[in-house]
C-alpha cells in the first residue's frame, strides 16, 4: 500500500454554512469530476474520492485500471449465507478502498432479482428481501469498520437494464414496501451506511431522485436516516425538483443540472436558501466523516497472503452442490490416472460479471488451473474446449500483436480532425485538453498469424469505427450501425468478418475510430457516459461438430470427466438484460453428448443468475454450481471437488427450468416506457413453493434428527437442531441451515422470510 494521504485540519460545518458564499455552497452539491467531490479550499474542505465495484474496488479508470482484489459476485457471497464471512469480506473491501485512495465505496447493490434475465442480478444478494438486507448489512459493517463509507444502492427497484433511465416501475404499495424497500430498510437500520444512491428509473410515475415522498418522507422522516443521498452517475434529471426532494449530491462532475441552473432556481425562489443549506450540510457531514479514512495518497495495490486465503474461502464456501446421486464426490486425487477437463468455462477464468463489476484483478485462477494444481504428478489431463460460449469475439491479446515500434500491443493516436484532413496533428493522450467531444483516433498493429485457417474478427463501438486488414476494409461499423449491448448498452452490435490467415505471415491491422458523438444510434432510456469506446476481437473459427467429437473422445478415455460450462461477463452485465435463459447454443449439445458417453461426468456450471438446464437437467448425476468466483475461483472449485472443503452453499435464487415458469415471464422489460410488477409480493421462491430457493446438498449427506423452535420473551425465535452425517472425511466442514419464517391462518395472504447462518464444525465432519 502506498503512502498515507495526509489529513487536513477539521472544519466547522456551522461556520461554513454561515460564511460561505452562494456559489461555494452550490459547488458542493455536484461532483468535482467523475470520482471526486468538490473541495472548498477557503474553509479547508477537501475533495474526497469515491470508487465503484460490487466485487472489488476498481479505482478511477474504466479500462486498464490499477489491479485489485476481486471477490465473488453478490449472489455468490449470498450463497454462503454467512454473515460473519460477509463482514470479513467487507473488511477486505474497505482495505482495498484505502489502498486505492478511495474514501467511499459505491456498494452494495440490494435490488431484488425479480427476473433471472436482469443484467445486474449477479451484483445483488438474494431474491428474498430479508436475507438480502441482513447480508448487505454485514458487508457494510465490515467495510465501514476500516473507516471507509459504504453507499447502499440503487434506491429502489432498479432491477432491469432495459431503458433503465426512463422506465416506470409500477407496483402496489405492499409490493414496494415488503419486497423492494425492505432490503434497504433492514440494511440501513442494522449497519448505518454513510450514503444512499438513488436509482435511474421511475417508481409509480416519478424518478426516485426527485421524489419528495420517497427521499424526504420515507427515507428521512419515516426511517429517520440522516446520511447523504447521492444520484447514480448521470441519474439527476432536474434542478429544483431533485434538490427539494432531498437529493444532496449530483454525480458525476462537472455538473449538468446544478451550478448556474441551481443559482437561477434559488434566485427565482424555486429552491429556498434553507433547503440549500440542508443539502450542503449533508455533503459536508459526508466529507467530514470520509476524510478520516487513512487512504493512500496514490492508487496502489495490497495483494497479501491473508487476503488470498480469505478470497479462497469465499470462493469455496459459495459453491453449491446440486446433485451427488452417485456419491462420486469428493474425488480422491491419489486414485486417478486420467482426467478429462472439458468445456468453454474450464480454461476461462470467469471471475466477475460485466459493467461496473469489471476490473483488473491481481491475478485469476481458472477451473483448469485450480484442478490441475491439486492433481498428483503423472495424472494424464485431457483438455478439450468442446464448444464456444462467448457473446463477443475474444479480445485481441497484447501478445498476439505488436506496435509499429515493435512493442507488444496496439498503438493509438488521437486527433481533433477526421482522416480526410491532410497533415493531422497528433494529440498526446485521451484526456488532452485540445480534444473536443468529437475526436478521432487511429489504432494500428502488426498481427503474426498464430495458425493457418479461417479467423473471425469482431468490432463493436460506441461512436463509429472501421477495421482494415492490409489496407483492405473488412468491417464497416460507421456507414450503417445496428444497436447492440456494447458499452453499457450505448454501443453497436458487434460486426464480424471472416478472413483466411496463413501461420507466421504478417498482417497490418488498422482501426479508424471516431468518438461517441459520431454514433448514428438513438437509444432511449440508456445512460450516456460520454467519450467513446471500442472492442476489437479475433478468434480462430472452430467447427462445432468436430469440437464436440474431440470432447466426446476425451471423455471416453478418462477415468473422470469434469465438464465446465456456463456464462461469463459477456452474458451478464450492466447495460443490458438477457433476452433468454439459455446457455450458448453449442453448450447444450456438448453437455448431452458428453453425458451420453460418460454418464457419471461431473458437471460444473458457472453464472451469476439462473439459466436453463434443459435438456440435460435430469441426465446429470453430479452437479456443482459456482458463481463469478473472484481471484480464487479455480482454487475454490478444486477445494470442493477434492474434499478440502465441504460444499455448504445454498442457492439464494430460484433456478426455474424455463423462463416461462417464472413469475415475471409476462412483465419484464420496458413496454412503452413502463413495466408492471404483476407478481406483486410473490417474487421467486414465494411463488415457486415446490422449488425452495436454498436448495442444495452436502457431500457429507447430513440430515436433521431433532428440531426445536422456541419463541422467546423478547419476540425473537431460537431454533435448535441436531445434525448427523453419513460420511466423514478430513477437510473444512460446515452447514448453512435455512429457516423460513411466516404466519399461518391469515386473512391476508402472507409470504415467508428467509434467513440462514453457516455453522462450522472444525476439521472433521460430525458423525
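All positions are counted from 1 along the displayed chain.
Placement of Cβ uses the backbone N, Cα and C atoms for every residue, glycine included.
Listed in sequence order, 43 are the same-chain residues six or more apart from residue 19 (N-linked glycosylation site) with CB atoms under 8 A from its CB. A helical conformation is recorded for residue 19 (N-linked glycosylation site) in the three-state DSSP classification. According to Swiss-Prot, the feature N-linked glycosylation site maps to 19 (among others), an assignment based on sequence analysis.
Following the DSSP three-state reduction, the secondary structure of residue 232 (active site) is coil. Taking Cβ-Cβ distances under 8 Å and a sequence separation of 6 or more, the neighbours of residue 232 (active site) in its chain are 153, 154, 158, 197, 198, 199, 200, 209, 251. Marked as active site by Swiss-Prot on the basis of similarity to another entry: 232.
The feature N-linked glycosylation site is assigned by Swiss-Prot to 324 (among others), with sequence analysis given as support. The number of other CB atoms found within 10 A of the CB of residue 324 (N-linked glycosylation site), across every protein chain shown, is 19.
Annotation comment: Swiss-Prot describes 405-552 as domain 'PA14', evidence class sequence analysis. Summarised as a single figure, the pLDDT of the domain 'PA14' (405-552) averages 92.
In the three-state DSSP assignment, the secondary structure recorded for residue 477 (N-linked glycosylation site) is strand. Every protein chain shown contributes to the tally, and the Cβ of residue 477 (N-linked glycosylation site) ends up with 26 other Cβ atoms within 10 Å. Look at Swiss-Prot and you will find 477 (among others) tagged as N-linked glycosylation site, backed by sequence analysis.
Among the features that Swiss-Prot reports, compositional bias 'Polar residues' is placed at 743-757.
The N-linked glycosylation site feature in Swiss-Prot is assigned to 749 (among others); the stated evidence is sequence analysis.
Look at residue 324 (N-linked glycosylation site): DSSP puts it in a strand. The distance from the Cα of residue 324 (N-linked glycosylation site) to the Cα of residue 477 (N-linked glycosylation site) comes to 49 Å.
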